[in-house]
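Taken from TrEMBL as is:
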type: DOMAIN; residues: C:19-439; note: domain 'DUF112'
type: REGION; residues: C:285-306; note: region 'Disordered'
type: TRANSMEM; residues: C:12-34; note: transmembrane segment
type: TRANSMEM; residues: C:40-66; note: transmembrane segment
type: TRANSMEM; residues: C:73-93; note: transmembrane segment
type: TRANSMEM; residues: C:113-133; note: transmembrane segment
type: TRANSMEM; residues: C:145-162; note: transmembrane segment
type: TRANSMEM; residues: C:168-186; note: transmembrane segment
type: TRANSMEM; residues: C:198-218; note: transmembrane segment
type: TRANSMEM; residues: C:253-277; note: transmembrane segment
type: TRANSMEM; residues: C:319-342; note: transmembrane segment
type: TRANSMEM; residues: C:354-378; note: transmembrane segment
type: TRANSMEM; residues: C:390-408; note: transmembrane segment
type: TRANSMEM; residues: C:463-487; note: transmembrane segment
Amino acid sequence: MQRLKNRDVICAAVLVLFSMAAWMQAIALPARASLFPRLEIALLFGLSVVYLVRSLWRAQPVQSAEPFFRNLGRLLVALVLISCYVFIFPRIGFFTATFVFIPVFSFVIGFRDAKTLLLGAVLFTVSAWVVFVVLLGRRLPPEALLSAIFGGGA
Amino acid sequence: MKFVTSMLTTSVFALSSVAAFAQSDYPTRQIELMVGFSAGGNLDILARQAEPFLEKHMGGADIVVINRPGAGGALMQTQLAGAEPDGYTLGLLSMPGVVTVLFGGDVDYEIDDFEYSGTFTFEPHSIMVGTDTPYETPEDLVAAARENPGTITIGGAGIGSAAHLAVKVLERAADVEFAFIPSPGSAEMQNQVMGGHIEGGVTTISSSYTRHQENQARVIGTLSSERTTVAPEIATFGEAGYEVEWGALRGIAAPKGTPQEVMDKITEAVRLTMEDPEFQEIAAQNNMLLTFMDGAQFEASVRKIHSDLEEIWADEPWIEQ
Amino acid sequence: MIEDLIGAGFALMTWSNVAAMVFGTLIGIVIGALPGLTTTIGLAILIPLSFGLSPLVALGLMAGLYNGSMYGGAIPAILLNIPGTPAAIATTFDGYPMTEQGNAASALRVACFSSAVGGFSSALALLLLAPPLSLVTLAFGPPEYFWIATFGLVSIAVLIGGDPIKGMISALLGLLISSVGMDTVTGRIRFSFGRLELVDGVNIVVVLIGLFALPRVLQMAEDAVTRGVRVSDLKIGRGQSTPFPIAHLIPTWIRSSVIGIMVGILPGAGGNIAAFLSYNEAKRSDRDPESFGKGNPKGVAAAEAGNSSDNAASMIPTLTLGVPGNAIAALIMGGLLVHGLQPGPSLFRDNGEIVYGFVLQMMITSVLLFALGGMIATRIFAQVLRVPQVMLAPMIVALMCLGLYTVNNSQFELFMMIGFGVFGYILMRMQFPLPPLILGVILGGMAEQNLRTALLISRGDWWHLLASPISKTIAGLVVLVLLVPLYRHVRERQSEALKNG
């Protein structure tokens, strides 16, 4: 109960701070261009203050007593892996990156069935290639790794 | 991880620099033709329709159209300005957009950053008015604006857009003042004109002429000296004595420093494409107003518009800083 | 209009268009059947992927996915008591009891027929109402559009979810996102932090995928469910289905369709509300309300006809005014924009064939459910429940990236999508409703642009905003909607006082 109340207080406080920061950004603009954003930020500030006061005043009825993160470790791992994937695939090619990404992601998160992992990666990569490259003729980043290994062609 | 990435980037670089020095037999690998707008737009359609003909007239080259939309084309033009000047990165530019984005924004390329090649189309802007307005000719509109300065509402895409600057140029040529009403795009402006919420609007002749033919609005004139082939019965502001030449000019450019030899090859391919009867047929179907200019003429036109706009900007900057 | 309709009919008869509708409906059923994947997530992934296809093919996929997923959600709802989509919650009330009584096959068939009937009547309403409405909207000028945008925004912020404060904060965050980029009225660039990528504003597709699909992926990673549902848990009875009570269901279908269509047209509510309302109405008006919740086929029919008849109807304000009434409609509008189709009167005028094609596709794909929702097919669809979620998560990420990257070739947008994903995750955990935020992004520009254009035309006279009777009416509605939470509050106090006193 206590924890849930704190969570809303923190969120409301962040919103109040955010609207103040946004206001500083908005007043740097000419008045005519920032009329509407200023209006929005002022309203946001007002509502955030109401939200803050309300969450300090009384704890909200608890709909679910579950913790904020169900599993912070796995969440962070997932985020890091997704970011790496997004960083790499425009450089080494979509299919190379995806073929590696799917089993690595599932393995790290906790799925350890090697056969299914490999089968899933192969099936997904091949069907994505057939649908998007062969059928739809979509242009994707060149598969640098494949062409380096097999010498062009890919 | 770091090792893998650096290894990969090196191999990418190695691949891309292989063909950079072989120019006499240009092109030896895939040419990227960048378009600064989303797929499906006017410029993208032009690029995709011209692409097979350019390939054919460049001796079976491999050209691929890539959309890099953003900042009204400025994102692509910045990339083009910074690209390797080897003829393998080209851009399809749209005037006056290339120049207008230079004013009042954070754009850091200049018109000197490009080598200019051939153009495909020139499509003048036009003024359309609501059917219940009294204006029939360019003279009517100008006379009305002279009588009531700053009250006649003329709409068009946002401040700093080609449509807005078209109004500015006309205002200066005719020495009058309108009330410009910016809208998000041409479609919204047309709705406002047809619904009678504003009196007139500016857009390119091919889109306004459709409204004219369907009697939903009246096009009173194009902002050019010569009449167009798609709408020969529409008068021009030039005929009425107001010297304006404002429209969308579309052509190919490459980064500064691209060898002359390569530029000549591209320009020649554009010229041959324009003469290709098959391409002319496609262009006619799409209401494109084909106009070929070579690199020198294209560049001159860009410089002229740039200096005109600089003059207006010095007088009355249209974007508040 | 008639020529466009006939033209659209012929245009749909090509192989690629037929394939798109069949394929879209199949994907929709699968996505609906997978608990955790909803219509919104499916559309968010599909929209960028469909980019580059011809508009009618892309819209056929979307229409199929929309109608298919509404039925697909019923499959696990009936078989496992797990609603596949939020709209299928009401389907579990009578669907699962029917399964327990060994009538799973019959329940699935009722669900399939009801979804098809609901979807068809809704598409009929779209066809009859949208074109005339689009002509009326030409009379709407900047003041009227300002009020309509405000009305759409306020009603979804206030009426969705239990907490109007959080709803309004969510909408305001969306409005702020929409103010990034070039301001058309002054030409000034706002909040771009020197990035050229932000000058045109934040790409709506990035926001849609980031907010709707990525938080779900992160949640799948957190839960790390490595097992799918075992086949032995699926109790699809063979041969013991009871005779199909079509005649008894017709009144329920009519009632539920009317309710669903009304809910669809009004902003703020979605398929789940339509399903609840029509379930309650069916129960209330029945001669034997006690039988509901204990395996009454009418309960399944009411819920499924209700949630499907919301579908096409929610496209009426979207196509005619550019104001989507709920999150799914907002996504489809995002899809239209990706293909350069701007909702409003110009859509029906300039792209008649495409827009009527879409209306017909909504109609055809709902009828397709009869063919694709058969017993054998449903047994196959139920097998997707066996796919382990941990493998599904990276595949969704790959599809999101593939779609987004091929639209604009921009890595910046990919990272922005991850940013919005984290943002959406936090909002979801704090129980902020996400639909108001999306509507804020879509309607923010419309509200601001029209307010300022109105003031430019009237040369600064604010009363111009209330000059026409249409403006006055919509402004009045905005005030009414804003009073709803107050009214609720007072009523709660009263009932509390009654209890205590």
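Note: Cβ is positioned from N, Cα and C throughout, glycine not excepted.
Please treat TrEMBL annotations as automatic predictions, because they have not gone through curation.
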Count, for each of C:40-66, C:73-93, C:113-133, C:198-218, C:390-408, the Cβ pairs lying under 8 Å from the transmembrane segment (C:319-342), and report the range with the highest count.
C:40-66
The transmembrane segment (C:12-34) vs the transmembrane segment (C:198-218): 3 or more CB pairs under 8 Å:
no
With a Cβ cut-off under 8 Å, give me the same-chain residues at least six positions beyond the ends of the transmembrane segment (C:253-277) that come close to it.
39, 70, 85-91, 114, 117-118, 121-122, 125, 129, 151-152, 155-156, 158-160, 285, 301-317, 323-328, 435
Quick check on the region 'Disordered' (C:285-306): DSSP residue counts for helix, strand, coil, in that order please.
14 helix, 0 strand, 8 coil
Near the transmembrane segment (C:40-66), which same-chain residues lie under 8 Å Cβ to Cβ, leaving out any that are not at least 6 residues past its ends?
11-12, 16-17, 20-28, 31-32, 205, 208-209, 212-213, 216, 311, 327-328, 331-332, 334-336, 338-341, 351, 354, 357-358, 361-362, 364-365, 368, 396, 399-400, 402-404, 406-407
Cβ under 8 Å, sequence separation of at least 6 from the ends of the transmembrane segment (C:198-218): give me the contacting residues as numbers and ranges.
36-37, 40-41, 44-45, 47-48, 177-178, 180-182, 189, 191-192, 327, 330-331, 334, 337-338, 393, 396-397, 400, 403-404, 407-408, 413, 416-425, 427-428, 434, 437-438, 441-442, 445
Please average pLDDT over the domain 'DUF112' (C:19-439) for the predicted structure.
87
Mind checking which residues reach the transmembrane segment (C:145-162)? Cβ under 8 Å, same chain, six or more beyond either end.
168, 170-171, 175, 266-269, 317, 321, 323-326, 431, 433, 435-436, 439-440, 443, 446-447, 450-451, 454, 465, 470-471, 474-475, 477-478, 481-482, 484-485
In the same chain, which residue numbers or ranges, 6 or more beyond the ends of the transmembrane segment (C:113-133), come under 8 angstroms Cβ to Cβ?
1, 67, 70-71, 74, 246, 249, 252-253, 256-257, 260-261, 264-265, 300-313, 315-316, 319-320, 348, 356, 359-360, 362-363, 365-367, 369-370, 373
Distal contacts, the transmembrane segment (C:390-408) - CB-CB under 8 A, six or more residues away
34, 37, 41, 44-52, 203, 205-206, 209, 213-214, 216-217, 220-221, 224-226, 338, 414, 417
